[in-house]
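*Asks:* First the structure, which I've put down as structure tokens, then a few questions once you've had a look.
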Amino acid sequence: MKKTITLLPGDGIGPEVTTEAIRVLDKVAELFGHSFVYQSAAIGGIAIDQYENPLPDETLSLCRESDAILLGAVGGPKWDANPSHLRPEKGLLRIRKELELFSNLRPVSIYNSLIAESTIKEDIVRGIDLMIVRELTGGLYFGEPSERLDINGEEGAVDTLTYSRSEIERIIRMAFQLAEVRRKKIISVDKANVLESSKLWRQIANEIAEEFPHIELEHMLVDNAAMQLIKHPKQFDVLVTENLFGDILSDEASMISGSLGLLPSASLSSNGPGIYEPIHGSAPDIAGKGLANPLAAIASVAMMLKYAFGLEDEADSVMSAINRALDTGIRTADLVYGNQEYVSTTEMTDVVLQHLSNQ
Ligand code: NAD
Ligand code: IPM
Ligand code: MN
């Protein structure tokens with residue numbers, strides 16, 4: 001199979017983890033007889049530096065023409081004081097919007113050998129298999145107005161949370177379709193005790209549930225959901241929620257797996273290429289030191305193989321190579337506590353590649 005992949009390494013540890021993910025893609029190509037052609041483009045801070053634009057037109061057109069997009073991360077202190085339109089994060093938000101990537105899948109599971117090392121009790125995390133379905137192109141991130149304003153002579157600011165019926169319907173429907181091939185349970189997370197947008201969300205979720213009578217739908221308020229994720233994460237099968245709640249809950253849920261450096265994601269539209277990226281950011285505190293965990297980026301490659309190319313065996317091989325690499329006992333710095341030894345970003349990938357080759 002021949003596929004064109006656009007690489008958007010971005011900033012901070014983005015290029016470090018993307019480099020490792022590409023090594024894994026190359027190994028998959030070699031072992032399974034595929035051809036992956038890469039084209040690199042700038043996004044985020046590096047694109048601001050080079051083109052004064054966090055999402056240059058050239059980047060967007062390369063992405064549109066490709067079969068899938070692999071993204072590292074964007075952002076960093078260098079650009080934190082920039083005006084809103086010249087922030088790295090704006091590039092990421094715009095590409096999600098331009099490609100209509102309304103559905104962000106963030107699977108949460110735990111690798112075998114990390115169960116005993118979890119900061120949460122073993123019995124609570126063993127067997128966890130949760131799919132967070134985060135709405136990605138609406139809500140507070142995109143609502144207008146979003147600006148500074150005068151409030152009764154005082155400095156103020158406004159952001160706006162809007163959702164249309166069609167935006168809610170498509171993400172809820174996506175969650176039901178996923179639940180159908182999973183454990184047939186959806187928990188829809190909202191703040192319907194306060195927010196009008198959440199009341200509409202809940203109403204539409206109930207309507208769509210009637211089309212799927214064999215799937216159980218439960219509603220949960222977001223503050224309770226934040227607590228329940230730690231108390232009893234196995235009650236969740238598919239968790240569907242709006243943009244900002246999904247952002248926050250998925251970083252929280254990463255600690256069920258053991259580290260933010262482990263969780264992958266796929267951002268999908270109804271047609272056209274998706275973006276595959278770790279859920280973590282550019283981690284300026286560890287950038288350039290070889291300390292980044294590459295496994296979230298590598299697992300994002302597994303999601304690409306499965307969702308973009310339908311290569312399920314290849315995706316399973318990557319996930320099993322990660323599992324076996326961790327079984328050897330090696331850990332990156334984010335997975336150790338105290339004075340325990342750890343390996344570098346590249347050394348972790350080396351061991352994943354060995355296990356990929358030996359399957
Ligand atoms: P972050 O996710 O970059 O880092 C949070 C913490 O997790 C840090 O201590 C970091 O060292 C650690 N961490 C993250 N990824 C890791 C990995 N792979 N291995 C080991 N440790 C890892 O979040 P932040 O520090 O709040 O944000 C930093 C910048 O990243 C900001 O500019 C933010 O806007 C941006 N960001 C970008 C994305 C993205 O591109 N998708 C996502 C989140 C944050
Ligand atoms: C993520 C990030 C982004 C988000 C930021 C960088 C805009 O945190 O992908 O989770 O909030 O969506
Ligand atoms: Mn986030």
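From the backbone N, Cα and C atoms, a Cβ is placed for every residue, glycine too.
The model shown is predicted, which means the values in this text are computed figures rather than measured ones.
Sharing the record's features from TrEMBL:
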- 76-89, 281-293: NAD(+) binding site (BINDING)
- ARG96, ARG106, ARG134, ASP223: substrate binding site (BINDING)
- ASP223, ASP247, ASP251: Mg(2+) binding site (BINDING)
- 4-352: domain 'Isopropylmalate dehydrogenase-like' (DOMAIN)
- TYR141: site 'Important for catalysis' (SITE)
- LYS191: site 'Important for catalysis' (SITE)
*Asks:* Could you state the CA-to-CA distance between PRO88 (NAD(+) binding site) and ARG96 (substrate binding site) to the nearest Å?
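*Replies:* Each residue's Cα considered, PRO88 (NAD(+) binding site) and ARG96 (substrate binding site) end up 13 Å apart.
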*Asks:* Using only C-alpha positions, which one of SER84, TYR141, LYS191, ALA287 is spatially nearest ARG96 (substrate binding site)? These are the recorded positions in the record.
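*Replies:* For ARG96 (substrate binding site), the closest Cα among SER84, TYR141, LYS191, ALA287 is found at TYR141.
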*Asks:* In the structure shown, which of the recorded positions ARG106, ARG134, LYS191 has the fewest Cβ neighbours within 10 Å?
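*Replies:* Selected from the recorded positions ARG106, ARG134, LYS191 on minimum Cβ neighbours within 10 Å: LYS191.
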*Asks:* Find the shortest Cα-Cα separation between ASP80 (NAD(+) binding site) and the recorded positions ARG106, ARG134, TYR141, LYS191, and name the residue that gives it.
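*Replies:* For ASP80 (NAD(+) binding site), the spatially nearest of the recorded positions is TYR141.
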*Asks:* Quick check on the binding-site residues GLY76, PRO88: which one has the highest count of other Cβ atoms within 10 Å of its Cβ?
*Replies:* PRO88
*Asks:* With the Cβ atom as the reference point and anything under 6 Å counting, tell me which of the binding-site residues (GLY76, SER84, ARG134, ASP247, ALA283) are near ligand 3.
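*Replies:* ASP247, in sequence order.
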*Asks:* Between the Cα atoms of SER84 (NAD(+) binding site) and LYS191 (site 'Important for catalysis'), find the distance and write it as a whole number of Å.
*Replies:* 28
*Asks:* Grab the pLDDT values for the domain 'Isopropylmalate dehydrogenase-like' (4-352) and give me their mean, rounded.
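*Replies:* Within the domain 'Isopropylmalate dehydrogenase-like' (4-352), the model's average pLDDT equals 98.
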*Asks:* What residues, ordered by sequence, lie under 8 A Cβ-to-Cβ from ALA283 (NAD(+) binding site) and sit at least six positions away in the same chain?
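*Replies:* Correct list: GLY12, ILE13, ALA73, ALA292.
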*Asks:* Within 10 Å of ASP223 (substrate binding site), Cα to Cα, which of the recorded positions GLY76, LYS191, ASP247, ALA287 are there?
*Replies:* LYS191
*Asks:* So which of the recorded positions ARG96, ARG106, LYS191, ASP247, ALA283, ALA287 sit close to ligand 1, that is, with a CB under 6 Å from an atom of it?
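*Replies:* The qualifying recorded positions are ALA283.
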*Asks:* Given ASP247 (Mg(2+) binding site) and ARG106 (substrate binding site), what distance in Å do their CA atoms have, once rounded to a whole number?
*Replies:* 10
*Asks:* Work through the recorded positions one by one (ARG134, TYR141, LYS191) and name whichever has its CA nearest to the CA of LEU291 (NAD(+) binding site).
*Replies:* ARG134
*Asks:* What is the interatomic distance between the Cα atoms of GLY76 (NAD(+) binding site) and ARG106 (substrate binding site), given in whole Å?
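*Replies:* With distance taken Cα to Cα, ARG106 (substrate binding site) is 23 Å from GLY76 (NAD(+) binding site).
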*Asks:* Check the Cα-Cα distances from ARG106 (substrate binding site) to the recorded positions TYR141, LYS191, ASP251, ALA287 and tell me which is shortest.
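*Replies:* Going through TYR141, LYS191, ASP251, ALA287 one by one, the Cα closest to that of ARG106 (substrate binding site) is ASP251.
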